[in-house]
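S.K.: One structure, as structure tokens, below. Some questions next.
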Amino acid sequence: MNILLFGKTGQVGWELQRSLAPVGNLIALDVHSKEFCGDFSNPKGVAETVRKLRPDVIVNAAAHTAVDKAESEPELAQLLNATSVEAIAKAANETGAWVVHYSTDYVFPGTGDIPWQETDATSPLNVYGKTKLAGEKALQDNCPKHLIFRTSWVYAGKGNNFAKTMLRLAKERQTLSVINDQYGAPTGAELLADCTAHAIRVALNKPEVAGLYHLVAGGTTTWHDYAALVFDEARKAGITLALTELNAVPTSAYPTPASRPGNSRLNTEKFQRNFDLILPQWELGVKRMLTEMFTTTTI
């Protein structure tokens, strides 16, 4: 089996390079790839890549994910998150390939306190959410052999993340204020990548599982409680923090160009049922990532 991965150097793409390697012959591309186009600002180019390589499975981890920046560059966000997805979907349909694509809880309005189901009405609050929803629809309309995974609060050990930012600030400051009225489940790129590899194998044998799924870690937290766990684990690991006071504040305390949903909870029952997997509680992945951070020596 031949697998084509777009967005290989992002948080999820990096982990997909690992998880997909045993599943098939993997060709991984990003915006800088030379031999084949992996640049999502070039829809014709990425579609041509699909037609040239004729993979069995395409995994798209490329996207415009700068939520606030998208507000000031909606055309670019639309190009990366929807137009190029449509181009790939059409090329995949011509060649008979499966397409795996990642979307977001930002397609919902973020109201209430009940986990969103795949069948719930969408109503994005910002440009990022609108363009990701357009990408979903483009794939659904043009390539029936698809898996769309909506996820949320994604983190990875590689690169910057919320935990690293909180730890840096906690070493510098005695007081921190963190938002406590946004709810979701921190979801590791590692978990997404492993679930994707499994789902691909299932889909190839059971094509009827094609469709839209919610995929996040188990449980729910707030950014404030997420930060509190990070600090607790750091202190257990013997890391000295200047922090003595952690305050809980509303979203309104930190105005941003793009509106954020208050309710990012996603119901994952459909995914767990169709792919026969159990999604672990969010704390498990975060603690594992923190342990690796605390024990890694910078050379």
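Yeah, the Cβs are placed from backbone N, Cα and C, and that goes for glycine too.
Sharing the record's features from Swiss-Prot:
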{"type": "ACT_SITE", "residues": "Tyr128", "note": "active site, proton donor/acceptor"}
{"type": "BINDING", "residues": "Gly10, Gln11, Val12, Asp30, Asp39, Phe40, Ala63, His64, Thr65, Tyr128, Lys132", "note": "NADH binding site"}
{"type": "BINDING", "residues": "Gln11, Val12, Asp39, Phe40, Ala63, His64, Thr65, Tyr102, Tyr128, Lys132", "note": "NADPH binding site"}
{"type": "BINDING", "residues": "Thr104, Asp105, Trp153", "note": "dTDP-beta-L-rhamnose binding site"}
S.K.: Cα-Cα, whole number of Å: Asp39 (NADH binding site) versus Gln11 (NADPH binding site)?
M.R.: 17
S.K.: Out of Gln11, Thr65, Thr104, which of the binding-site residues has the smallest number of neighbouring Cβ atoms within 10 Å?
M.R.: Thr65
S.K.: How big is the Cα-to-Cα gap, in Å, between Thr65 (NADH binding site) and Tyr128 (active site, proton donor/acceptor)?
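M.R.: The separation of the Cα atoms works out to 7 Å.
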S.K.: Anything within 10 Å of the residue listed as 'active site, proton donor/acceptor'? Look among the binding-site residues Gly10, Gln11, Val12, Thr104, Trp153, comparing CA atoms, and list what you find.
M.R.: Thr104
S.K.: Report the nearest neighbour of Lys132 (NADH binding site) in space among the binding-site residues Gln11, Thr104, Asp105, Trp153, comparing Cα positions.
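M.R.: If we rank Gln11, Thr104, Asp105, Trp153 by Cα distance to Lys132 (NADH binding site), first place goes to Thr104.
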S.K.: For Gly10 (NADH binding site), just give me the three-state DSSP call.
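M.R.: Reduced to three states, the DSSP call for Gly10 (NADH binding site) is coil.
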S.K.: In the same chain, which residues outside the set Thr104, Asp105, Trp153 have their CB within 8 A of the centroid of the CB atoms that define the dTDP-beta-L-rhamnose site?
M.R.: Tyr106, Arg150, Thr151, Ser152, Val154, Gly184, Val216, Pro261, Ser264, Leu266
S.K.: If one looks at the chain holding Gly10 (NADH binding site), which residues at least 6 apart in sequence have a CB under 8 angstroms from its CB?
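M.R.: Those within reach of Gly10 (NADH binding site), by Cβ under 8 Å and sequence separation of 6 or more, are Asp30, Ala61, Ala62, Ala63, Thr65.
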S.K.: Please state whether DSSP places Thr104 (dTDP-beta-L-rhamnose binding site) in a helix, a strand or coil.
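M.R.: Reduced to three states, the DSSP call for Thr104 (dTDP-beta-L-rhamnose binding site) is strand.
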S.K.: Among all the protein chains here, how many other CB atoms are within 10 A of the CB of Ala63 (NADH binding site)?
M.R.: 25
S.K.: Do me a favour and check the Cα-Cα span between Val12 (NADH binding site) and Thr104 (dTDP-beta-L-rhamnose binding site); whole Å is fine.
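M.R.: That separation, Cα to Cα, works out to 13 Å.
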